[in-house]
Amino acid sequence: MALRRPMVAGNWKMNGSAALAQELFKKFASKLQNDSAEVVLCPPSIYLESVRQLLEANKEALDGSLVRMGAQNLSQHDFGAYTGEVSGQMLKDCGCRYVIIGHSERRRMYGETSNIVAEKFAAAQKHGLTPILCVGESGPAREARRTFEVIAEELDIVIQKNGTMAFDNAIIAYEPLWAVGTGKSATPEQAQEVHAFIRKRLSEVSPFIGENIRILYGGSVTPSNAADLFAQPDVDGGLIGGASLNSTEFLSLCTIAMSA
């Protein structure tokens with residue numbers, strides 16, 4: 001069985017501040033002292049440089065731990081007249097290692113189709129970034145027993161446009177839309193069922209990818225439910241929203257992942 005290092009990725013969305021970043025790093029420096037889990041901070045783009053500077057300033061204190069920086073979105077284009085957009089190369093220049101692709105809020109609020117998501121996935125990898133690909137079903141889709149169908153479609157478009165081996169450098173985050181930002185989390189059993197399906201789906205085209213890819217759960221993860229979620233055999237950590245804005249809760253989630 002593959003040894004997949006757990007990951008806790010904090011998606012601040014359009015929240016947070018430079019002060020929050022400083023508070024997080026102060027706690028990281030004193031309490032985050034091993035590399036059994038990878039921690040990724042995904043602040044708004046305006047704060048990427050602040051986080052990069054904090055990573056550099058705390059390099060010695062964080063020695064032995066794995067704290068990385070990621071972005072919440074990128075353009076599928078390399079450059080051009082795309083006002084307000086940020087390219088993969090720009091994120092790489094800022095020090096990002098990861099970028100969230102296809103978050104449900106981007107799909108729903110900004111009309112990002114699965115084809116656009118697949119293009120952004122490719123753009124991230126072109127510039128040396130690891131995409132964190134979000135997939136998940138709506139409440140009505142789950143009630144209609146279409147969860148697997150929806151997720152298969154979202155995965156298959158990325159595979160068709162980028163090839164199976166593109167997932168050798170990717171993370172998948174399962175985020176049921178009915179749980180994102182609602183305070184209602186999937187049960188550990190529900191999460192495991194979907195994660196196992198995703199792993200099996202990828203294993204059908206590449207056993208190596210299926211066994212080794214990390215699959216995160218995202219959807220109202222808190223310190224009270226994280227241990228049970230992270231204990232599931234196919235759950236490799238979490239994509240954290242609201243709890244990532246509370247330094248105490250986020251550090252608790254990191255600690256739970258380290259012992260998962």
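Even glycines carry a Cβ here, placed using N, Cα and C.
As recorded in Swiss-Prot, the features of this protein are as follows:
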type	residues	note
ACT_SITE	H103	active site, electrophile
ACT_SITE	E175	active site, proton acceptor
BINDING	N11, W12, K13, G181, S220, G241, G242	substrate binding site
Extent of the substrate binding site in Å [max Cα distance among N11, W12, K13, G181, S220, G241, G242]: 14
Fewest other Cβ within 10 angstroms of its own Cβ, chosen from the binding-site residues G181, G241, G242: G181
Neighbour-count leader, CB within 10 A, recorded positions: W12, H103: H103
Lowest local Cβ density among N11, S220, which the record lists as binding-site residues, within 10 Å: S220
Alpha-carbon spacing, K13 (substrate binding site) to the residue listed as 'active site, proton acceptor', which is rounded to whole Å: 15
Cβ-centroid neighbours of substrate site N11, W12, K13, G181, S220, G241, G242, 8 Å, sequence order: N15, V180, I240, A243, S244, L245
Cβ-Cβ neighbours of K13 (substrate binding site) (radius 10 Å): 18
Separation of alpha carbons, the residue listed as 'active site, electrophile' and E175 (active site, proton acceptor) (Å): 8
